[in-house]
Amino acid sequence: MKHFFKSLTLAIALAASVLFWSPQAQAYPFYAQQGYESPREATGRIVCANCHLAAKPIQVEVPQAVTPDSVFEAVVKIPYDTSVQQVLGDGSKGGLNVGAVLMLPEGFKIAPPDRLPEELQAKTSGIYYQPYSDDQQNIILVGPLPGEQYQEIVFPILAPNPGTDKSIHFGKYAVHAGGNRGRGQVYPNGEKSNNNVFTAPIAGTITSITPNPDGSTAVVITPENGEAVTETVPAGPELIVREGQTVVAGAALTNNPNVGGFGQKDTEIVLQDPNRIKWLLVFFAAITLSQILLVLKKKQVEKVQAAEMSF
């Protein structure tokens, strides 16, 4: 039943995306859910990079330390030039969308709405947070979102409590974040999107370039020996070749229309034991008191010595 509702959620999200976004390889972090048990490979690479081939920087901000059962915010920043437009699925130009994945330590999860302060409610308004799976609530997906409004994605996080969950322990943990702006270059099935460079499948001479009614272009390449091969270039990428031109296998037939990219960043967070902080404060207080007593004792000794010298 859980798997049914998960599939239903994905279907609704995809349907909404089709209604409100042009059909294209959007910044859909949930594509990874369908093909990967974990969004992070053994090498440390986040699987979103398999479809978003260009590398772009991101930033992630989390508190240095948090206490059990506390609510805090984690921020994934996805900067880019908002004046730039990307190629949409129909070949037209439009704004970039963004998406993010946040991999937290075990036990951390999205905070329930009734635990959010007003300021955090305002920062997270309009954002839908989705766990990677039913048993991986600590891995959170967001997107696609319009990049003009969400270059900073705020995650409201609830820290676990080792006092009530014995599987959780105090200590330092790794946090992994990934974020992308713009469409992917490859679909999950391995097929190129129209946000990619199209290349010559064989070496030969371009004998014809014919526009198709759907906006795509048929490029026919004839080798010296053998049959001609047709490469269909979808609407969007711009052709950089002409009829009669000789090309080698793998040569670019179009420009690279991609203006986006994916990035990932690692950081750390400490689940701090409040009792440890209390004992640390007691220790500092004891040290301070000892120093004060030593100073007072020293002054007392100096007074006695001064009194003895006066006789």
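Placement of Cβ uses the backbone N, Cα and C atoms for every residue, glycine included.
Some features that Swiss-Prot has for this protein:
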BINDING   Tyr28, Cys48, Cys51, His52  heme binding site
SIGNAL    1-27  signal peptide
TRANSMEM  279-296  transmembrane segment
Assigned element (helix, strand, coil) containing Cys48 (heme binding site), judged by DSSP: helix
Cβ neighbour count (within 10 Å, all chains shown) around His52 (heme binding site): 27
Cys48 (heme binding site), number of other Cβ atoms within 10 Å: 27
Cβ-Cβ neighbours of Cys51 (heme binding site) (radius 10 Å): 21
